[in-house]
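Trainee: The structure is given below, and queries will be raised subsequently.
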Amino acid sequence: MGNFHATTIFAVHHNGECAMAGDGQVTMGNAVVMKHTARKVRRLFQGKVLAGFAGSVADAFTLFEMFEGKLEEYNGNLQRAAVEMAKQWRGDKMLRQLEAMLIVMDKTTMLLVSGTGEVIEPDDGILAIGSGGNYALSAGRALKQYASEHLTAKQIAKASLEIAGDICVYTNHNIIVEEL
């Protein structure tokens, strides 16, 4: 059986609001859609943190658990938890094999965390990952820049995923949006 992959996650901080959106498609290999309603965006740490994944589903669940443990260990300090998780992820021979990326955010900070040790905070308050990530990122930047006073963070996140879903075959329109 081939690898199962999940696709597009988009996150935005906008006008004091924050939102994260993910589509629901899980694809096996390059040919078969196995699930349309996967939930790839989750609330962690008593609902104060949002986390979303793109990549191998089983690997992502492992990383969610590991990140949640780090959040508990560092009392909700998002940046410290992300850095410590990235160090552990990169430093462990078995964990390095995990194929997933995470976006994590709270009301003030948004970070991309990868297995190669990167913990990146965007300059513009927008991140997107997964096969449709570049499409969602482009759409989100345009929406934030040109329609910012008319749209909420939730509306920008949802619209960015809808545009990615129109373009990327690995992204569907079953969109889950979480807000903080």
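The chain as shown is numbered from 1 upward.
Cβ from N, Cα, C; glycine included.
Below are the features listed in Swiss-Prot for this protein:
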type     : residues               : note
ACT_SITE : Thr7                   : active site
BINDING  : Gly165, Cys168, Thr171 : Na(+) binding site
Trainee: Under a criterion of Cβ-Cβ distance under 8 Å and sequence separation of at least 6, what residues of the same chain contact Thr7 (active site)?
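Mentor: Sequence-distant Cβ neighbours: Asp23, Gln25, Thr27, Ala54, Gly130, Ser131, Gly132, Cys168, Tyr170, Thr171.
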Trainee: Which chain-mates of Gly165 (Na(+) binding site) that are at least 6 residues away have a CB under 8 A from its CB, listed by sequence?
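Mentor: When sequence neighbours closer than 6 are ignored, Gly165 (Na(+) binding site) has Thr8, Asp23, Gly132, Thr171, Asn172, His173, Ile175 within Cβ distance under 8 Å.
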Trainee: Taking the center of the Cβ atoms of Gly165, Cys168, Thr171 at the recorded Na(+) site, which other residues in this chain have a Cβ no more than 8 Å from that point?
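Mentor: So the extra residues in range turn out to be Thr7, Thr8, Asp23, Gln25, Ser131, Gly132, Tyr135, Ala136, Leu161, Ala164, Asp166, Ile167, Val169, Tyr170, Asn172, His173.
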